Amino acid sequence: MSSKRQIFQTASTISVFVLLFTLYSLTEGKVYEKCPLARIMDKQKISSRSLISNWVCLAMAESGGDTGKVTTLDNESTNYGIFQINSKTWCREGRKGGRCNKKCEDFLTDDLTDDIECAKQIYNDGGFETVSPQWKKMATKQISWTIVGVVLIVLPAVINAKIYTKCELARQLTANGISRTYQGHWVCLAIAVSGLDTEKTTTLPNLSANYGIFQINSKEWCRVGYKGGKCNMKCEDLVTDNITNAIKCSKIIQQQNGFNEWVMWQKKCKGKDLPDIANCAAIG
């Protein structure tokens, strides 16, 4: 009888090990280094390139880059994956659900597609502090731009950006229905806020960001990763060399709030000499 019990216990132990091994194999988790992680984030367009160092910093602080990390919390919810996404609000265990409509277990594989989709949604709902309550502490210890910059410089350009001349911008303003009367103000505004650089992105203290040639803000006017905000646009669509969307959204802003919406317009353009565009072919 005793030998039968021993055999049963041995078989049970083996079964447990087999089960654990199977579960481990199914999750296919891995630990990412900073540079491969930055490449994947850039490829999947988690945000503009200027914010990728923040995302890498967050992932390293939360999980050490480990996609298989699971953390049980005191409130009996659980954080999953490389971004430690919580089961109480954002996903459901064993089935799709939560605000991201995802299975929590799908955050534990080396395919970061679901993680990135959900993390973008969390960010758009409230910034990096929503993704990670510890963000304020982490923000002072961000990964050097050099690390991410070196990684991204070897990637194919995913954003076709350019620096406009005054006359090129005037030409685009005309093509998009901006009255010649006010074009001097628009050109002055673009010079003041971005130096006419369509790719410029500026992260602000409130953890929102300004995008593109007119520095349009993500908190109110656009959304990272999907169309939204008062302009119903993706912020990433404001940082290409095609500035049609940037002009459309800026017109909405100007119509609602006037040029005073832009602090730099007040400082650099209001009541001052405007750029001379009289000889530009587009309006000559």
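Glycine is treated like the rest: Cβ placed from N, Cα and C.
Where the annotation comes from TrEMBL, it is an automatic prediction and has not been curated.
Annotation comment: TrEMBL describes 100-118 (among others) as domain 'Glycosyl hydrolases family 22 (GH22)'. Residues in the domain 'Glycosyl hydrolases family 22 (GH22)' (100-118) partition by DSSP class (helix H, G, I; strand E, B; coil) as 11 helix, 2 strand, 6 coil.
Mapped onto DSSP classes, the domain 'Glycosyl hydrolases family 22 (GH22)' (231-249) shows 10 helix, 2 strand, 7 coil. The domain 'Glycosyl hydrolases family 22 (GH22)' annotation in TrEMBL covers 231-249 (among others).
Positions annotated as transmembrane segment by TrEMBL: 6-26 (among others).
Among the features that TrEMBL reports, transmembrane segment is placed at 143-164 (among others).
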| note | The answer for the domain 'Glycosyl hydrolases family 22 (GH22)' (231-249), taking Cβ pairs under 8 Å and residues 6+ beyond its ends, is 45, 47-48, 159-162, 164, 169, 172-173, 176, 178, 198-201, 209, 211-214, 216, 218, 221-225
| said: Just to confirm my parser: what is the rounded mean pLDDT across the domain 'Glycosyl hydrolases family 22 (GH22)' (100-118)? | reply: 93
